[in-house]
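Per TrEMBL, compositional bias 'Basic and acidic residues' is recorded for 315-348. Marked as compositional bias 'Polar residues' by TrEMBL: 352-362, 394-403. Annotation comment: TrEMBL describes 48-302 as domain 'Phosphatase 2A Regulatory Subunit A helical'. The region 'Disordered' feature in TrEMBL is assigned to 309-381, 394-425, 456-480. Annotation comment: TrEMBL describes 115-153, 156-195 as repeat 'HEAT'.
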Amino acid sequence: MADLSLLQEDLQEDADGSLDFVSQDEMLTPLGRLDKYAASENVFNRQMVARSLLDTLREVCDDERDCIAVLERISRLADDSEPTVRAELMEQVPHIALFCQENRPSIPYAFSKYLLPIVVRYLADQNNQVRKTSQAALLALLEQELIERFDVETKVCPVLIELTAPDSNDDVKTEAVAIMCKMAPMVGKDITERLILPRFCEMCCDCRMFHVRKVCAANFGDICSVVGQQATEEMLLPRFFQLCSDNVWGVRKACAECFMAVSCATCQEIRRTKLSALFINLISDPSRWVRQAAFQSLGPFISTFANPSSSGQYFKEESKSSEDTSVEDKNRIRDQEVPEDILIRPEDVTADPSTSNSSVKLESTMEDDAETSSKSPGEISVSVDSSLLCTLSSESHQEAASNENDKKPGNHKSTLRPEVGTSSQDSALLDQELYNSFHFWRTPLPEIDLDVELEQGSEDKFSPETAEAAPEVPTPGSPSITMATRKELEEMIENLEPHIDDPDVKAQVDVLSAALRASSLDAPEEASSTEQRSDAQDALGVSELANCRRSPDASVPFASSAVENMDSTLRYIHNDSDLSTNSSFSPDEERRSKVQDVVPQALLDQYLSMTDPSRAQTVDTEIAKHCAYSLPGVALTLGRRNWHCLRETYETLASDMQWKVRRTLAFSIHELAVILGDQLTAADLVPIFNGFLKDLDEVRIGVLKHLHDFLKLLHIDKRREYLYQLQEFLVTDNSRNWRFRAELAEQLILLLELYSPRDVYDYLRPIALNLCADKVSSVRWISYKLVSEMVKKLHMATPPTFGVDLINELVESFGRCPKWSGRQAFVFVCQTVIEDECLPMDQFAVHLMPHLLTLANDRVPNVRVLLAKTLRQTLLEKDCFLTSASCHQEAVEQAIMALQMDRDSDVKYFASIHPASTKISEDAMSTASSTY
């Protein structure tokens, strides 16, 4: 007992001491308490000071001197030696800055003078937690626009540039580069281009720290989108080329991930001639992780080639002058007007200039063509590199022969026309000389897009001056060029053989071997046909081909990877080389060949190969899902006229073994139907849609969520066929999957407008009544809305017999249901009909009111509670009831009086409450959820 008494005395003394301590704090001013705890040796006390700074400022906000004093103490607290205190202080800075902004008249320039220097200084703090907190604070301040533009230029950017200096700490440098990239969209184009862009370009070439290059690559797209097209093409693209060929696979992977954003910031020509070849190298990268990222970005990258005139997609290209816009518009018109049968796109047969002298530099080719097109139509000359013809085994000549069998008589027969204005007899003679069986059965090449002026000048002959101006060119069948090409291919095959174990490398070797064999086969035929073509040229008095030499000072985007560049050039040519040996290649199958002129063919071929099972083993197990995800974008880019290129791929994806792939297609099939139009949808998508209807619930839900969007695109006869299948949605793999039935009810509301009143009554009515009796209240609530909309539609039909029949069925099935839940459902339906005014009030009073009022004597209180809400808070709120149905007001008032005298307190409450004092929908939902 003595020990217990001593303990009580100790506790009493401690309590008295704590009370004295509290009373002392209460006697101190806010600044006094701040000074007391800021000078404490206890770290937790100083942390508490940092947390309470905002509250202290609010207490003294009326006195400008006290506010300045608090801010000065913040500056002293920022010098605390404990990192946790500094980190806690930095977490409070954005909140304090917002307070200073709101009270700017009292404490002007407070943030710029006291807080911003602390934030900037902490960016180089030795403690990692403090640096991370300051970085987050800086971004938050920039996002909320609490930092003045002048302060950004004079205080923030100089510090970040200093932190990214070559002698800076590695971790600090990496974090500073990341901050610069993230703040670029917030500070705008001007500051980014003047202050951030030069240092960013330097960091992209940091040879010592790959982490810095990786951060630059990851944020490259954001920088491009901020600075615009001109700065991107002039300053950033060379750096991007270097990063894409970086020695570290993580840097190349980051480049692949941001490729779409970079592409959106460039013009169409660079996108086609440079970026497409660059992307092919990433797809063929030795690292599996790089290839995986590249294939994931392939679909989005292809979508950047979308032509606004055909797809409706526009990409914002800043810093574009009106002249550039007019040039692009002319190019767009030219692409539309040139017939497809004279198109061979030079962008699709790009070759790297670093491979050999026999390669073609297509940029100079396109520039020459552009200069030529600026002349008058009568001065147009056709320019095609002769070495390219030799490298491609003269396949452009065989295409002219193969196209003869497919094109209409009125179209042009030859792709490479020796003279604009050649007579039909001479053209037929030339085509006959070019024909042989090997050329006829070989898969045709993509076509080069010749200028529209070539089409316009096809009726006029060249003037003698134009003929004399045409330079002399080497013959395409020159043995020296052929030997150089063969030697080059042999060397490339030898370089790739050590890596033959890689499936991608093996595919490259197969392609190059096929090209070598084709070159060997064409050599004898070219030698014999050269003299004939030369005689024909002399007779016509014009050169067939223009000399398109490679520029000696052409810049090469990569220091190495010549083998991959040549492969990317030739791959699309021999992609179907196995099929070329099949003698059963019919003209119908030839028309279905996957050749188009919207995007570089090599990109499309790689995209189509994503469904190859070997890709799942060598690249990514979910590569088919990525292909399915981006397919609508690719289809929109290609347009419905090129749907034949994607049809087989789409069918392969629709039958994929992975349900995630089919689910992805199911969620987007309605978008694809909009792109393709009603005819292609009925022919190609409807069978796949029908298959999805019988698939797993995970796949069916994708179809169900957009059922209305898809069916409205079909012809009315085809649409009616699905009336018989709607009942199947009531059956699911898991009966607990109530969200499936709720989505069905939502879609049925939308489908009412697509079908006639008879179809609605015969097919949709049974489903709706079934859903009204569902076990889950959320499904029933949506179903009440469905039934009320159905009543509205059928009543407005002429004659309204279907509406009357539906109302009678509601009365029999629900209003007189032996289960109280059915009778409550009837009240819910009546309530919804009143709220949405689905029936004229006089018709409601005749058909539904008498049966509704009989429920005032229902034996279940839950039914009477909902009836009281409906009468008092819904029906009496409608002015139309008070005017048009005045004869029924007395019956309603008697029912309400009876409910006010009810023995249940809840019934009496809702029958007596004023109508405007509660929200009927919320009350109804609460009743539905609480009573079931």
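Keep in mind that glycine also has a Cβ here, set from the backbone N, Cα and C atoms.
Under 8 Å from some Cβ of the repeat 'HEAT' (156-195) lie the Cβ atoms of residues 116, 120, 123-124, 128, 131, 135, 138-139, 142-143, 147, 149, 202-203, 209, 211-212, 215-216, 218-219, 222-223, 225-228, 231, 318, all in the same chain and six or more residues away from its ends. Residue counts for the repeat 'HEAT' (156-195) under DSSP, helix first, then strand, then coil, are 33 helix, 0 strand, 7 coil. Within the repeat 'HEAT' (115-153), the DSSP-based counts of helix, strand and coil residues read 29 helix, 0 strand, 10 coil. Averaged over the repeat 'HEAT' (115-153), the predicted model has a pLDDT of 91.
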